[in-house]
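Enquirer: One structure, pasted below without further comment.
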Amino acid sequence: MRLAAEATTQNRGQAQGRSTGAPVDRRHQARRLTLALVALLLVTSVSSLTFGAAGTSVWSAIGNLIAGRELSQLDRIILFDIRLPRLCLGILVGAALAVSGAVMQGLFRNPLADPGIVGVSAGAGLAAITAIVLGSMLPVSLRDTLGNGLVPVAAFFGGWGSTLILYRTATRGGQTSVATMLLAGIALGALAGALSGILVYMADDNQLRDLTFWGMGSLAGATWTKVLAALPVIALALCAAPFLARGLNGLALGEAAAGHIGIPVQRVKNIAIMAVAGATGAAVAVSGGIGFIGIVVPHLLRLATGPDHHPLLPNAALLGATLLLAADMIARVIIAPAELPIGIVTAVLGAPVFLWILLKRRAGLGL
Amino acid sequence: MSLLSRLSKGVGLFLLGTLAGQIACAAPAERVVSVGGSVTEIVYALGEGHRLVARDSTSSYPAEAEALPNIGYARALSPEGVLSVSPDLIIASAGAGPVETLDVLKQADIAYAEVPEVYSPAGVITKIETVAAALGAEDKAKALLGDIAPDLETAHAEAQARAGEAPVRVLFVLSTQGGRIMAGGRNTAADGIIRLSGGINAIDAFEGYKPMTDEAVSATAPDVILAMDRGGDHGVAMEQLASLPALIPTPAAQNGRLVRMDGQSLLGFGPRTADTIRTLSEAFYEAHAK
């Protein structure tokens, strides 16, 4: 809790300090950064369609189309059924994870907050593990209807379910206590972890291996079905950003102060929680466990443009998508034709960056 | 050969039944990917190793296989990785996946043969027949089975005879991570090879590989401990295993009865299984022989 308290003072200090500085400069800087990030995302997207284990490239495909030649069946499958859904899923998941991280950190006024902390990821993970281990016990008719969607659907509802429990626990008389929620989240995460442990014990050899790989996360199983399933939920969560930006900026002053300057505190908290649950649940559902995007991206951006959530949230979506696509390219190229689970890549890249940010911030704040 | 002509050749291949893995070949597949250690072994044993263009990470025998590109772990294959070696036939152990990858491969009209895993001599024969049918090498399979099938029977019969009325109780230890023993229960390759070699699996209480408490391990009181040989210093590893608290009180550790064998030949149920049975049976009953 000391960390949370310290962070609160930091954020407050920053918010006040910066508002007395040169806001116009910052706004220009943020706009330039957004443009740069859009360009970077475009470049990464095209690269993501260009590089892969197979020699097919989007350029040769475009060349063929212009020349009026038909694409070979293999090229078509690699571009349209493997790389393109993977690109879309990478953008959605990366944006969802980074924005969820930024919103959580704003809501808890704690730079270490992450959907993992409030138990949303753990709840989604528990449901996914349950589906992997106990899925065979479901009635055949239900299993056939859900098919490959069983694990993602379970993860999604697991994320929502754990958020609901959390929210009920932390809300008294219409007031949600963020501190209670943080603590309840830690408890819920521990419980989900323990229940997952029981299921791991029950799992057979093959299921255990599936669990291991699922936990490391991957975009390798990207399909259009998954993209279409994740799109509406994540898009809805991202659409809440403009409203949340103003609310989270206000909340940085503390709940009481935010209420006084006309921020509908309770509504901001409600929407923030729903957005994070939806976006994280959907991301975990389609890609498994991918860490560090949610915690590293907002930090990097705050270093560049400060704590204002107006540029932070959209920029987080852009940078999160870009970084995840880059990590995915590394994952699929580095040991081709085999592939690394992407969670390993984001952790290997993310952990040192996170450490570096901590050290830098520590020096900057004289801690 | 261009990609297109390779593909048009692939179109000539049709998957008749995935379970049986029977394939009617218009033209023999030229670029084969094998998934699963024993599948790869069988392809080489059939003398068709030259047709392989890639293998999975569990295919480490024979040594030539390791020179082939590795498409990753059998249960976590990436669709683009597999397509990048432009295969026209994939032969895979049951359980290869994930489903999304297999769906894409089917869409790309790549023939796919699934090889069932059954831990018995009949299972080995079925595997060889299935792989041979997928490769269109039935004649070579006949020759190979002419050697292997009777050999398996003899090895099994010899092992049974050696076991006689008092078969040894064997505990298979898959791993000892953090001092906790992961042991092999019913319906595992370990259980199958122990029985074929004239032993009794000391664990009857559960299916699959599971971690056990020290007390439960001691209570199984095995005569022999069987483990995989992961290379390195043989003697030290043996001592380490025998000095685990759970194993110290067992007859196996007391009498120094630890047997280690390369994992693929031990659990693979492939062309080398008859040899495995002989080696294990000798190791199980060496005290009787003396």
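Note that the numbers count up from 1, one per residue, in the order the chain is shown.
The backbone N, Cα and C atoms fix where each Cβ goes, glycine too.
In case it helps, TrEMBL gives these features for our protein:
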type	residues	note
REGION	A:1-25	region 'Disordered'
COMPBIAS	A:7-19	compositional bias 'Polar residues'
TRANSMEM	A:35-62	transmembrane segment
TRANSMEM	A:82-104	transmembrane segment
TRANSMEM	A:116-138	transmembrane segment
TRANSMEM	A:150-167	transmembrane segment
TRANSMEM	A:179-203	transmembrane segment
TRANSMEM	A:223-245	transmembrane segment
TRANSMEM	A:271-296	transmembrane segment
TRANSMEM	A:316-335	transmembrane segment
TRANSMEM	A:342-359	transmembrane segment
Enquirer: How about the transmembrane segment (A:342-359) with the transmembrane segment (A:271-296) - do they touch, taking at least 3 C-beta pairs under 8 Å (6 or more apart in sequence) as contact?
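Expert: Checked: the transmembrane segment (A:342-359) vs the transmembrane segment (A:271-296), in contact.
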Enquirer: How about long-range neighbours of the transmembrane segment (A:223-245): same chain, 6 or more residues beyond its ends, C-beta under 8 Å?
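Expert: Apart from its flanks, the transmembrane segment (A:223-245) reaches 81, 85, 88-89, 92-93, 95-96, 99-100, 103, 106, 148-149, 152, 156, 268, 271-272, 274-276, 278-279, 281-283, 285-286, 308-310, 312-314, 317.
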Enquirer: With the transmembrane segment (A:82-104) as the reference, find which of A:116-138, A:179-203, A:316-335 contributes the most Cβ pairs under 8 Å.
Expert: A:316-335
